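Here's the structure, in structure tokens; my notes come after.
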């Protein structure tokens, strides 16, 4: 587990995208990613504008949106990202052969590689998935892009553990500048081999412990103390009548305090 500051890690990181994100986190004093699973662009943009000051990342599932368009959704989302200084993570969870994911990432309705700073993928199809996604990024944009591998999940009964997780880590080692880290519940090592992977952890809640569909929640301090760099929070920010402004500030403070404690044990 890294006890170095985000600022120090940014200065040495092999990935331009990871370096940009770490420096942004340092400057804004936040390690909060807002996961916004809503079904209209209006609601997405409303929540993003409220939560923007408190977050380093917004995590989207644009295939949920009933009214997605490049001009109506992506353009204003990128404007809000510039206004509030956060990056965009499209939680696509690619899981196919290299050539197919290359097309899924760059083409179709969503053209993800053109606007999402970060996306993610399962390791189940092998290292070709990394190569395909990287080629798509290089062919469609001059902007830096980053990929997270799904090493562990927060849902009850997940099969992503043990040998599967180890295999996913080995796939991540095939590309040092494009693969920036993992979706995981704990530190994934790698520092002794020269990797500085970012760990982003879903299923974080200050109050909730679980939901009816198998999601299991851990506390902010618990996930940061076991190696997470970024906490991913969804319904804890805006569900059940919660005020996103108040909750955004609460989670930002909790995440930052836990990070400072890890850096200064």
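Cβ atoms are placed via backbone N, Cα and C, with glycine included.
For reference, Swiss-Prot has these:
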- 37, 59-61, 91-100, 217, 235: substrate binding site (BINDING)
- 93: active site, proton donor (ACT_SITE)
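Feature map: annotations from Swiss-Prot on the structure.
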| residue | record | Cβ neighbours (10 Å) |
| --- | --- | --- |
| 37 | substrate binding site | 15 |
| 60 | substrate binding site | 28 |
| 91 | substrate binding site | 21 |
| 93 | substrate binding site | 14 |
| 95 | substrate binding site | 16 |
| 97 | substrate binding site | 12 |
| 99 | substrate binding site | 13 |
| 217 | substrate binding site | 20 |
Please state whether DSSP places residue 99 (substrate binding site) in a helix, a strand or coil. helix
